[in-house]
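In what follows, a structure is listed as structure tokens, so that the remarks can point back to it.
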Amino acid sequence: MQTVHIYTDGSCLGNPGPGGYGVVIEYGKHRKEFAAGFRLTTNNRMEMLAAIIGLDALKRPCDVVLTTDSQYLKQGIEEWIHKWKNNGWRTANRKPVKNADLWRLIDAAAARHNVRWNWVKGHAGHPQNERCDELARTAASGSDLAVDEGFETVQI
């Protein structure tokens, strides 16, 4: 299987507020970037959506190294998601899991690949993470922002 590197970041101006995600995918000499902005969302949702977009962009199963600066994303997918699924998408306190719509999508997207989740400290000079941050911030600051249906219809 080919190894693909995916770098992701999410940004939110206000939290909740306008937000965006940035994704950089590298495979050999190939590189693709993705970004989009949303009018009302959270930082965690943008971090998650970045991972979903990156994984879904791959046309066939791959070995993936997905690098994020989000502990929420990394811990959620590596430690918490299995318990949530077994509990019917409820926490140990029997409360609904926040962002369950996106956790389900991440779970499905990751299942198609062999993913190694890698954490880096944000704003620490990691070139691809810095680029993803720039993409996410630019997208969040844009005009004609999309609606984050999962946030606006569930959270408000």
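Quick reminder: no glycine exception, Cβ is built from N, Cα and C everywhere.
Note that the structure is predicted; figures quoted are calculated from it, not measured.
Features reported for this protein in TrEMBL:
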| type | residues | note |
| --- | --- | --- |
| BINDING | Asp9, Asp133 | Mg(2+) 2 binding site |
| BINDING | Asp9, Glu47, Asp69 | Mg(2+) 1 binding site |
| DOMAIN | 1-141 | domain 'RNase H type-1' |
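Other than Asp9, Glu47, Asp69, the residues of this chain whose Cβ falls within 8 Å of the Cβ centroid of the Mg(2+) 1 site are, in sequence order, Thr8, Gly10, Ser11, Met46, Ala50, Thr68, Ser70, Leu73, Gly122, Asn129, Cys132, Asp133, Ala136. If you take the C-beta of Glu47 (Mg(2+) 1 binding site) and look for same-chain residues 6 or more apart in sequence within under 8 angstroms, you find Thr8, Asp9, Gly10, Tyr21, Thr68, Ser70, Tyr72, Leu73. Neighbour counts of Cβ atoms within 10 Å were compared for the binding-site residues Asp9, Asp69, Asp133, and the top value is held by Asp9.
When the Cα atoms are compared, Asp133 (Mg(2+) 2 binding site) and Asp69 (Mg(2+) 1 binding site) turn out to be 10 Å apart. In the three-state DSSP assignment, the secondary structure recorded for Asp9 (Mg(2+) 2 binding site) is strand.
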